[in-house]
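Student: Just dropping this structure here.
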Amino acid sequence: MTNMHFTKMHGLGNSYIYVDMFKQTLDEDKLAPIAVEVADKNKGIGSDGMILVCPSDVAPVKMRVFNNDGSEAKNCGNGLRCVAKFAYEHGYVKEETFQIETLGGLVEATVHVTEGKVKTVTVDMGKPILSRQLIPMLGEDQNEVVAEAFSIEDETFHVTAVSMGNPHAVMFVEDINHATVETVGPKMEKDERFPEWVNVEFVEVVSDKELHFRVWERGSGITQACGTGACAAVVAAILNGHAEKGKEVTVHLLGGDLGITWLENGHVLMTGAAEVICEGVFERK
Ligand SMILES: N[C@@H](CCC[C@H](N)C(=O)O)C(=O)O
């Protein structure tokens, strides 16, 4: 039996088990099974996955993200805000603006602190990747995939593909309350046209400043929120003429709101909450 110290945190209800790798080690080949184990709501702690807060050679801290099926992702928006809070409140960084290494590259986080506690975090998520090959998505070779017809069984959807370090397929719907997240989500997630699978987002445009959002996450299914997905949704909204670059868009997710701006310099800024739920020790067999 090995005991693993953890902190459960969430960003708008998108919860992960955070493990402080500054203070403990886990075998590399055990990471995927541990993520599945801790995420289990009946026999584990219950979460959308596991996030390792690790030392880095190129930044004060590095994030590694595992979905609740054990697959590793290159990025996680809600995770980045929680890692920023964790690193700042544990004294691994002293500045309020610092870099975080992800498998998708470096991002910059700014923590907003009240009475010594981080309440919200702004992350410069970098530039979205729009090239079909880099999403990656198969199909006729045009550089960007904007409102491309995509048939599943006898239904046709219009997909805009955006990578925020991880792949997203965004679709605009008339009424978010009737979005077919549970049925279309898993089919599109593992469709062979997405060789690395994909996060699937359903978005209702309220105005050029407001979107409603639901997600089927690759490797985790329905979650309350997806930070990278919300960034992808705003980029897709702008590419489809529903919103404007340089102006903040409020994205309403099941678990709360995110403020997202696709800046004129190409970077995407995301601001939202990060919260601790509990800390404890997980007894591993
Ligand atoms: N919840 C996340 C994204 C987590 C990874 C994703 N499921 C993937 O496999 O790419 C977020 O807040 O961005």
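Counting begins at 1 with the first residue displayed.
Cβ coordinates come from backbone N, Cα and C, glycine included.
In case it's useful when we look at the structure, here is the feature table from TrEMBL:
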ACT_SITE  Cys76  active site, proton donor
ACT_SITE  Cys76  active site
ACT_SITE  Cys226  active site, proton acceptor
BINDING   Asn14, Asn67, Gly77, Asn78, Asn166, Asn199, Glu217, Arg218, Gly227, Thr228  substrate binding site
Student: Which whole number of Å gives the largest C-alpha distance between any two of Asn14, Asn67, Gly77, Asn78, Asn166, Asn199, Glu217, Arg218, Gly227, Thr228, the residues noted as binding substrate?
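Tutor: Result: 16 Å between the two most distant Cα atoms.
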Student: Which Cβ among the active-site residues (Cys76, Cys226) has the fewest C-beta neighbours inside 10 Å?
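Tutor: Relative to the other active-site residues in Cys76, Cys226, Cys76 has the fewest Cβ atoms within 10 Å.
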Student: Other than Asn14, Asn67, Gly77, Asn78, Asn166, Asn199, Glu217, Arg218, Gly227, Thr228, which residues of the same chain sit close to substrate? List them in sequence order, counting a residue when its Cβ is within 8 Å of the Cβ centroid of the site.
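Tutor: The answer, listed by sequence position, is Val65, Ala73, Asn75, Cys76, Gly79, Val215, Ser220, Thr223, Cys226, Gly229.
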Student: Going by DSSP, give the three-state secondary structure for Asn166 (substrate binding site).
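Tutor: For Asn166 (substrate binding site) - judged by DSSP and reduced to three states - the answer is coil.
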Student: Can you give me the same-chain residues 6 or more apart in sequence from Asn14 (substrate binding site) with a CB-CB distance under 8 Å?
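Tutor: Non-local contacts for Asn14 (substrate binding site): Asp48, Asn78, Gly79, Thr223, Gln224, Ala225, Cys226, Gly227, Gly255.
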